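Colleague: Quick one: structure below, then a few questions.
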Amino acid sequence: MNALERLEKLLDKEQFEKVKAIDNPELHEFLAEWIEWLEPDKVFVCTDSPEDEGYVRWKALYYGEERMLETPNHTVHYDNYYDQARDKANTAILLPGGKKLPYINTKDRDEGLKEIRELMKGIMKGKELFVCFFVLGPKNSIFTIPAVQLTDSAYVAHSEFILYRKGYEEFKRLGRSARFFRFVHSAGELDERKTSKNLDKRRIYIDLEDETVYSVNTQYGGNTIGLKKLAFRLTIKRAVEEGWLSEHMFLMRVNGPHGRKTYFTGAYPSMCGKTSTAMIPWENIVGDDLTFILPVNGIARGANVEKGVFGIIQGVNPEDDPIIWQVLHSPVEIIFSNVLVKDGKPYWNDMGIEIPDEGENHSGKWWRGKKDAEGNEIPPSHKNARFTVSLEHFPNVDMEALENPCGVEVGGMIFGGRDADTWPPVREAFNWEHGVITMGASLESETTAATLGKEGVRAFNPMAILDFMSVHLGDYLRNYLEFGRKLKKTPKIFAVNYFLRENGVWLNHKLDKAVWLKWMELRVHGDVEAIETPIGYIPKYKDLAKLFKDVLNKEYTKEDYERQFKIRVPELLAKIDRIEEIYRKLDNVPEELFKVLEEERQRLLEAREKYGDYISPFALEGE
């Protein structure tokens, strides 16, 4: 029996007709094999119709994975108390012959596939399987990658309808030519709160060879929403093989003089200011997380992989995040996850208003002072609690850029690190190679006391992508360098650091980043000059003073400028030593990396000879 004949036996007539309409034997074989293996009681195939999406939304409520809140279209979902984040220990890239890659949790492919198949055999008995079709990137475009998701979680399917563009018609259009990703997920057995029960058997395995990801015994979005960070591993590999970039970056529009629109991408490790940069109220957002960048006629063009936001809700407050706050209080479709609910209203940590002393949260019935099994006090919401919402509901979204099948020209790329004493607030690279190596490939994030218990530890995180890397870091960087060489017009590269401190005091205010963005926009078009330093170009005082007045209506003093933009030679040299040591331990790193780092070291040493350890920007401007 061929796959279609098997599917005709497995599906009811209506669902079978939906699958049959897609002329792709490879898809049919995949569906037949997994429906037979998972043994669901019922299968629902989603087309692009609003009715099918509505069915999934209803099933999330019907099966108890989501519950309605007071505001229309708002629902809440809870994950198991111990299923609240990406499970790094049980997430592995499957590689043949037990191959290993630096910084990546790998597993022998044959072993991994055998284990996951055993865990998934018959796991959907008594459950409904949803077959959903989506695309990564805008539809019918150079960026489009089709994907099919199998899941028994209506919550996961519902999340994907909010976050991704529907792809059923795209599968029909592409037919046999579709090179599609596959995702197979089961939440496994559920407890009385409808959360995954068998967390000891939680596995997330990424099979690069078949471009398939398996996820089992988990519901948390980062482990289960196939098209997000799971697909990201697949697209990184595809991009390296095909010569484009799949990046952990926001995509935003910065509005320049006389109505000029300039687009920037930005890669920042967590807690480094990525979302707050992308959400500056008077600029425009295209995407907050993942960006594809392709070379088109010698120009780098970027597109948002997604169409929605799966955002961290902790700390969202009306003063610092007016746009997100406004969206979260509108009657638009939103899934809140792992927040506190009292009388149908959601509450979360550090929201800037009074939080009730009791209610329900990810731990079940909650009261202030409640402790978990380990004796830790349980906060009102989990620190990784989320909101899932479509970007179309953001007043500052650039819809035209979001849906443009040609993407937008990338004028600048920003790498955002976090340290108290090394990088200046903003600088521009001398050229593509210098930016890729001394900014992107050298990205570090200084941990705060809250995250690791040790303040001031610098975590190496090149391009903010290390957690999701699926190829050798050397191959990834080689592709980056090559990508720039292919372009007739390379985006300018910038590095930012919002976290400088002196004697324990912050040197910058939260909104100063709005000024750095405007300066970068002017530099992309050559509208202002800059000061050449050993580590790149920095702004001139007069330009920043004008921008602070224009953008923030603030006086900007020469003292502030000097403190922020002095070149800190000892710290910069120590950083080069750290980064070089890391890359020396890896094989297969482009030789160019060491050459560019050495050139920077020599420039710093020469400058120290002339000016000393700490160099005023005014001294360099006078040259």
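Backbone N, Cα and C atoms are what each Cβ position is placed from, and that goes for glycine too.
It should be emphasised that the depicted structure is a prediction, and the values quoted were computed from it without experimental measurement.
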Colleague: With Lys229, His248 listed by Swiss-Prot as binding Mn(2+), identify the candidate in Asp191, Asp288, Asp289 belonging to that site.
Modeller: Asp289
Colleague: Starting from the Mn(2+) site formed by Lys229, His248, Asp289, give every other residue of that chain whose CB sits within 8 Å of the mean position of their CB atoms, in sequence order.
Modeller: Lys228, Phe232, Leu290, Phe468
Colleague: For Cys272 (GTP binding site), just count the other CB atoms lying within 10 A of its CB, please.
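Modeller: Result for Cys272 (GTP binding site): 26 neighbouring Cβ atoms inside 10 Å.
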Colleague: Quick one: of Gly221, Gly222, Asp289, Asn384, which binding-site residues lie within 10 angstroms of Cys272 (GTP binding site), measuring between C-alpha atoms? Sequence order, please.
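Modeller: Passing the 10 Å Cα cut: none.
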Colleague: Quick check on the binding-site residues: of Ser270, Thr275, whose CB has the lowest count of neighbouring CB atoms inside 10 Å?
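Modeller: Comparing Cβ neighbours within 10 Å for the binding-site residues Ser270, Thr275, Ser270 has the fewest.
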